[in-house]
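**Q** After the structure tokens below, expect a handful of questions from me.
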């Protein structure tokens, strides 16, 4: 795809703090790292959670995520390596493979499972939870699968005078970058979700509204943002300085890969209980009762068409 170099940033954001993810287990015993934890939800609104699973040991992932419910938010699963089959209570089924993405809006509720379709090899990827505004939390469930070939991507040149993007390959999962639109857009949270591959000495600049919350997660090599070196498996929360108009990310090693995420905060109450994220405790109690009474398995109007 043809990319259009953005104007040079006036002032890049800097790193507010570095976060080390928490090793944990989820589903039926899947080992993963919880990068964005519940105590960061307000700071990184509208993002609720980011998990990174990465193992070549089948015992760490083989049991997968048997049937479980969700209500009140969206999940974005990005598979770097491996194969995962998804089934849900609306009768949908899909296979998520290397480089693919599934975007699912749980809305008023859905029950689904995610089970590995391999008995050996590497299983690596991410699951992001993105909040829904109060007015949309009880909308109909929706989902869409994207194969790797369906995701827009571009590569900058190795030499580009007058630009701050060189030696970078970018996958656009959501939002807009350098004149290109990603696979998904969301008007209420305006999420940006980029997977950025940097060559040695590569760099990439991305414009960002100053009021959008943003973070970078390094999952290969090391990166540098301003004066801060960001090691592998660390999340860098970016500041919201009013004078900043974006972020400049530079490779500190060869083969650096990072996720860049940003979004417009909803500034609404966040109440989470396990797989339910609502705006009040009463809504959480109702979600639990609806699940126990089987109402979340009757989402036959869930659609895989346009949102």
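Cβ atoms here come from the backbone N, Cα and C positions, even for glycine.
Bear in mind that TrEMBL entries carry predicted annotations, made automatically and left uncurated.
Checked TrEMBL, it gives:
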- 30-130: domain 'Pirin N-terminal' (DOMAIN)
- 68, 70, 112, 114: Fe cation binding site (BINDING)
- 194-296: domain 'Pirin C-terminal' (DOMAIN)
**Q** Quick one: among the binding-site residues 70, 114, which has the most Cβ atoms sitting within 10 Å of its own Cβ?
**A** 70
**Q** Suppose you look only at the domain 'Pirin C-terminal' (194-296); what would the mean pLDDT be?
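**A** Here the predicted model's pLDDT, averaged over the domain 'Pirin C-terminal' (194-296), is 97.
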**Q** Using the Cβ center of 68, 70, 112, 114 as the Fe cation site position, which other residues in that chain lie within 8 Å, going by their Cβ?
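**A** Here the nearby residues are 65, 67, 69, 75, 88, 110, 111, 113, 275.
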**Q** Sequence gap of 6 or more, Cβ distance under 8 Å: name the residues on the same chain that satisfy this around residue 68 (Fe cation binding site), in order along the sequence.
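**A** The answer is 27, 111, 112, 113, 275.
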**Q** Please count the residues of the domain 'Pirin C-terminal' (194-296) that DSSP assigns to helix (H, G, I), strand (E, B) and coil.
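**A** Counts, helix then strand then coil: 14 helix, 53 strand, 36 coil.
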**Q** Using DSSP, how many residues of the domain 'Pirin N-terminal' (30-130) fall into helix, strand and coil, respectively?
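**A** Counting residues per DSSP class in the domain 'Pirin N-terminal' (30-130), I get 6 helix, 61 strand, 34 coil.
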